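What TrEMBL says about this one:
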BINDING   B:Thr169, B:Lys192, B:Thr203, B:Glu283, B:Asn402, B:Ser407  substrate binding site
ACT_SITE  B:Thr203  active site, nucleophile
There are 2 protein chains.
Amino acid sequence: MTTTVEPIAVPGVSTDSGVTTPAGFRASGIASGIKDSGALDLALVVNDGPKQDAAGVFTRNLVKAAPVLWSQQVLTERRLRAVVLNSGGANAATGPEGFQDTHATAEKVAEALTSDEQEVGAIEVAVCSTGLIGERLPMDALLPGVDTATSALSSSPESALHAATAVMTTDSRPKQANASHPGGWSVGGFAKGAGMLAPNLATMLSVITTDAALSGEALDTALRAATKATFDRLDVDGGTSTNDTVLLLASGASGVTPSLDDFISTLTDVSMSLVRQLQADSEGVTKLVDITVTGAASDGDAVRIGRTVAEDNLVKTALFGSDPNWGRVAMAVGRSDARVDPSMLSITINDVPLLADGVPAQDRSTVDLSGPHVEIAIGVGDGDHAATIYTTDLSHGYVEENSAYSS
Amino acid sequence: MTTTVEPIAVPGVSTDSGVTTPAGFRASGIASGIKDSGALDLALVVNDGPKQDAAGVFTRNLVKAAPVLWSQQVLTERRLRAVVLNSGGANAATGPEGFQDTHATAEKVAEALTSDEQEVGAIEVAVCSTGLIGERLPMDALLPGVDTATSALSSSPESALHAATAVMTTDSRPKQANASHPGGWSVGGFAKGAGMLAPNLATMLSVITTDAALSGEALDTALRAATKATFDRLDVDGGTSTNDTVLLLASGASGVTPSLDDFISTLTDVSMSLVRQLQADSEGVTKLVDITVTGAASDGDAVRIGRTVAEDNLVKTALFGSDPNWGRVAMAVGRSDARVDPSMLSITINDVPLLADGVPAQDRSTVDLSGPHVEIAIGVGDGDHAATIYTTDLSHGYVEENSAYSS
């Protein structure tokens, strides 16, 4: 259970700092007392501009947490001055009073950031929460904590680390990434989550910053393109939490407006690094599993097949046991609701072809699954659409962490 | 891991015998050598008539095993003289040669049953297989085994038990059920499977017999009605195997033609008893969990919500830990793709209301989950459709049995 799995590195991306790498941003992470343990639990990220363009993507779960409902509303303006994030409580399924708590938090941050030079409104403040679903937040700790977090704001790498740490729940380590483009701008960010549907205390949250100068529309396009290939392809246990949120804030402080393609490329790299870190820190993980589907009839079918295999408990437990039981992969493909012709199906694990055009190929005993990396390639032979899903195995550690025996 | 969970009893149904309870049937179960262990691995059920009407339902998995493809073809005639079943190999994803093996098995059974009095054709013989996917069956053991199984045929309760035992894979005990109707006819059957998508070696198989006199059309209608409310509502880990099959054979030996309603009622009771036994013997089970959804906008939505909650690893691990973490249930409902209005959602666990119309109700600490029975009631408040899904928790035992460490 205590084995550490190292994340797969993304070329060109550093993991030593995050949201304060781009110019124009300050961050902080403090202990407000939401968590009884006294651990960091409140993070603040502030965009000092000169621009405050922003974009966000949110969970598709219909039971959305109060902070998601609030931040979606705020983001319709595609402009953010600040993001406040707390761990220790998801503020989901908390009814109208929970929404009022989120609103009060945004109001408090706006008030704390308002000075002689600037007037900040609550409508410029996104809110993210993560933790147990169905319980109200201790506002008597949270609201004073906003003042403490505001005082602690700084553009240092340490502050970025504190922010990345303050959003952790069952995460064993903070997750940051940053990349600098030769064109004179950079992207940085942090993420938390011990799974896509983050096990135990729910939620995948990420805040990404850039000092590139881009409009809200361009940021929205870039964020959707990047998340589609990264965060949306991470699937540890099939879930989509009530609080999943990825926010992108642009300060324009570099004075450079990159091409949209360049920006999407760097943003995707940073997002991918965060996804690799989430994958490697998911609860109970012992294997990092990439499932690549090719030859599908549509993008939707490629993703559907990859997700069904990624979520299949029999495939996942076999991988935990280092057993290349490709029959379970075939079974999962067949039940995926995607268009599949069994006589065209091929399955390869760690480069060993096991099923070729519907007929068994090499013996499964020739597959080496002793290492932490597993690549499952599924050929559908029915089109030219492809997708890769990033997942993990299902281990005793996962059951232990999520069965409350450990808490 | 060694704790035994007792199945929930179905009133009016006995579990002391199975397919030979109705008149007109003989059965056997023998060790043909397919399994290296020497355990029983080949079962035969023969309908001596006077009638041979039959019906079958099969897996919806697109990667269908050879015996499923064969038996579906056979069942288009709605007539079965015999069913031959083997454990020790699923004969799935085995290509055209695997289909030839199934065909040869049916031919061999037809030959063995042919006598001076009767000519039996392969087209009257259904074949079922269960075990590892992707490996050919040892036909040199299986074919001679058919002769042995034919010699062993008898209408005794012991023979029914041998047949129910010979289909077991990771099942810890045989599963039989029978019910006699005061109208002078009866229904009996067996099932195997350690889950819906039967973990480890795949497959849920069931053969049910009756001495009622009913047409193939009536049997088909009855079987679909009964399975919809029983086998189709069992969901241990979201899977649908490559081999799932339920066959219903009617001998007409009672000379009684019951009303369709009466027959469906008894058939459903027998099926439900088998489902309760499957649920209680599923791999690693420590909790028997019934999820009842009411107030859904459609039957499809009710089933969708129930299945999503039943398959959710966070809900299942919380139940293993006796933790009434209803927030995870709310999350699963929200991600189910069913129509859900969070402000109308209610969740009750073991009679304690935890969420009422979208607002937290009683404290979860008041829920007692120390026993093996868990009832989760989900009120959607959006219509009048309902469904109950039967599932289990997700335990260390499940991971252990399926990770190959145990094999």
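Cβ atoms here come from the backbone N, Cα and C positions, even for glycine.
Note that TrEMBL annotation is computational and uncurated.
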If you draw a 10 Å sphere around the Cβ of B:Glu283 (substrate binding site), how many other Cβ atoms fall inside it, taking every protein chain shown into account? 28
Of all listed binding-site residues, namely B:Thr169, B:Lys192, B:Glu283, B:Asn402, those lying near chain A with CB under 8 A: B:Asn402
With every protein chain in view, how many other Cβ atoms are within 10 Å of the Cβ of B:Asn402 (substrate binding site)? 31
Other C-beta atoms that fall within 10 angstroms of the C-beta of B:Thr169 (substrate binding site): 24
Students should find that the Cβ of B:Lys192 (substrate binding site) has, within 10 Å, a number of other Cβ atoms equal to 29
